[in-house]
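K.L.:
Have a look at this one before I ask anything.
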Amino acid sequence: MDVGPSSLPHLGLKLLLLLLLLPLRGQANTGCYGIPGMPGLPGAPGKDGYDGLPGPKGEPGIPAIPGIRGPKGQKGEPGLPGHPGKNGPMGPPGMPGVPGPMGIPGEPGEEGRYKQKFQSVFTVTRQTHQPPAPNSLIRFNAVLTNPQGDYDTSTGKFTCKVPGLYYFVYHASHTANLCVLLYRSGVKVVTFCGHTSKTNQVNSGGVLLRLQVGEEVWLAVNDYYDMVGIQGSDSVFSGFLLFPD
């Protein structure tokens, strides 16, 4: 009998069935087990079963040991520009810029009060037939102008109220020798003398002084004191502020 390769599975299956039937028959007749048959060939794999139910959650694993830090990577491409940040603190002042061109003239301002604030002027005369006493202060008793009241006729002294540069001048009539001395706060500044004998003559002098507030100026005579003040022969003392400080 010629057996090909394709009939081997069928032949093996038949032999297996024959071996299974032989013991059953021998047991029924004699009561003894037969010799076990040879194991059959493995069957074909069965179909996959259904998925089982999820198992319980496992225990946390052991933390892994940190690995060694790798080398620095290559520089990446520049990113997109970010949003503008908040304003920082003010920086230090910069260097002065180049002066700009001159602007057009502005409107005239209001008239100032310079003249009202800084004025000092007086003119007084000596109207008496009696000359001053020797080596004494000369009092001028008649006021021609004294709007600020800086000259006091009771004391014969000018008192500075506005600091600045002043000019003082006098014209004295006399018929005998006369020397006029100008004092500043007790210190003699200048002396003017005129000499005559029984004739009317005029002695004049002037001086510029820079005064501070509270300083005083007056005229005096020495041993030559023949100053008169009569109609037609006046003696005048004047002073005024030129430039305030």
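Positions of Cβ are set from backbone N, Cα and C atoms, glycine also.
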K.L.:
To which residue among Pro71, Pro96, Pro108 does Swiss-Prot attach the annotation 4-hydroxyproline?
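P.N.:
Comparing Pro71, Pro96, Pro108 with the record, Swiss-Prot tags Pro96 as 4-hydroxyproline.
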K.L.:
If Swiss-Prot marks one of Pro23, Pro39, Pro66, Pro147 as 4-hydroxyproline, which residue does it mark?
P.N.:
Pro39
K.L.:
Swiss-Prot annotation 4-hydroxyproline: which of Pro42, Pro60, Pro132 has it?
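P.N.:
Of the listed residues, Swiss-Prot records 4-hydroxyproline for Pro42.
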K.L.:
Where does the 4-hydroxyproline label fall among Pro63, Pro163, going by Swiss-Prot?
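P.N.:
In Swiss-Prot, Pro63 carries the 4-hydroxyproline label; others show none in the record.
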K.L.:
Looking at Lys75, Lys86, which is the one Swiss-Prot tags with O-linked glycosylation site?
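P.N.:
Record lookup in Swiss-Prot returns O-linked glycosylation site for Lys75.
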K.L.:
Out of Pro78, Pro84, Pro101, Pro105, report back the residue that Swiss-Prot marks as 4-hydroxyproline.
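P.N.:
In Swiss-Prot, Pro105 carries the 4-hydroxyproline label; others show none in the record.
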K.L.:
Which has the fewest other CB atoms in a 10 Å radius around its CB: Cys179, Cys193, the listed disulfide-bonded residues?
P.N.:
Cys193
K.L.:
Going by DSSP assignments with H, G and I as helix and E and B as strand, what are the residue counts for the domain 'C1q' (115-245)?
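P.N.:
Split by secondary structure, the domain 'C1q' (115-245) comes out as 3 helix, 76 strand, 52 coil.
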